[in-house]
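> In case it helps, TrEMBL gives these features for our protein:
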- 13-18, ASP47, 111-114, 175-176, 204-206: ATP binding site (BINDING)
- THR17, ASP47, GLU111: Mg(2+) binding site (BINDING)
- LYS38: active site (ACT_SITE)
- THR42: substrate binding site (BINDING)
Amino acid sequence: MGNAIFMTGTGTEIGKTVVTSIVALALERLGMSVSVFKPVQTGLAEDGVSFAEQYWYERVAKLSASEGMYYMEPAMSPHLAAKLTGTSIEPERIAERLEWLKQRYDVVLVEGAGGLAVPWCERGGRWYMTSDFVRDYELPAVLVSLCGLGAIHHAVTTAAYANAKGIRLLGLVFNQFQEQEIIHQNNVETIAALLQLPVLAVVPLLPAVARRELEALAEQWIDQGKANQWLEVLGVGV
Ligand SMILES: Nc1ncnc2c1ncn2[C@@H]1O[C@H](COP(=O)(O)OP(=O)(O)OP(=O)(O)O)[C@@H](O)[C@H]1O
Ligand SMILES: C[C@H](N)[C@H](N)CCCCCC(=O)O
Ligand SMILES: [Mg+2]
């Protein structure tokens, strides 16, 4: 039975998809079988016809295994995109597929749409949130954060929300890091200290984001021992 990790972020456009791709490539290099699962996708890719994450995972990152379940064209919160497209998001169906994937892969990286406090569907007169799914199916989560001005509040409030919902955060990944920026340097240290979480990776701001950049970062993580730290966090020995 494989392990599943929920890849969340301090919001949308933080770099969950990019970071998830690098993690997938690094773990595969360590001999793990990895699938990426983005069950709820909203918004189209630059080609104007494909769904954003599926396009990225299949055609940019060229991962060996990736899939979605609910694909909605409006680039909106899932609850609204679902309303406008007449889509009925069923968490139980997502959970069933996730269990199937865990039977087949060592690691399943599950990407959320936006941050944790994002509504999917109505249940019993209230919104069923992304965080409800993560909690109900006991998925440990990795939090992706940016590094610039504002990142502290976004990371601290996201972590507080996760804790309040009973979600276990395994660690932090900082994205779009710029070494020359003192705010970035200090934010990595300050946020990790405030949240008392390990820094699993720091991804630089890349001039271009294509497979070769992702592969280079995956190799770097392995060389730095960061990828092995992921396996420890995952609870799978190398
Ligand atoms: N380290 C990076 N360097 C340069 N560009 C980046 C980096 N990380 C992400 N990007 C770019 O930032 C944008 C948002 O990234 P991404 O799609 O991974 O965000 P996301 O958190 O997955 O968003 P969503 O909530 O829609 O899933 C994309 O155009 C992506 O190519
Ligand atoms: C369209 C976007 N890229 C994501 N797929 C969905 C982001 C949902 C964010 C909801 C919110 O926090 O307001
Ligand atoms: Mg994404």
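Placement of Cβ uses the backbone N, Cα and C atoms for every residue, glycine included.
Any idea what these are sitting next to in the structure?
Taken residue by residue with DSSP, GLY114 (ATP binding site) is part of neither helix nor strand, so it is coil. Over all protein chains present, the Cβ of GLY114 (ATP binding site) has 21 other Cβ atoms lying within 10 Å.
Counting every protein chain shown, 25 other Cβ atoms lie within 10 Å of the Cβ of GLU111 (Mg(2+) binding site).
A strand conformation is recorded for LYS38 (active site) in the three-state DSSP classification. Neighbour list (LYS38 (active site), Cβ cut-off 8 Å, at least 6 residues apart, same chain): THR17, GLU53, GLN54, TYR57, SER66, GLU67, GLY68, VAL110, GLU111, ALA113.
Take the CB of THR42 (substrate binding site) and look out to 10 A: across all protein chains shown you find 27 other CB atoms.
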> Sequence gap of 6 or more, C-beta under 8 Å: which same-chain residues meet both conditions with respect to LEU205 (ATP binding site)?
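Within the chain, LEU205 (ATP binding site) has Cβ neighbours under 8 Å at GLN176, PHE177, GLN178.
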> Do you know which of the binding-site residues THR17, THR42, ASP47, LEU205 end up with C-beta under 6 Å from ligand 3?
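Near the molecule: THR17.
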> Return the count of C-beta atoms lying within 10 angstroms of the C-beta of GLU13 (ATP binding site), excluding that atom itself.
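Within a 10 Å radius of the Cβ of GLU13 (ATP binding site) lie 9 other Cβ atoms.
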> Counting Cβ atoms within 10 Å of each candidate's own Cβ, which of the binding-site residues GLY15, GLY112 comes out highest?
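Most Cβ neighbours within 10 Å: GLY112.
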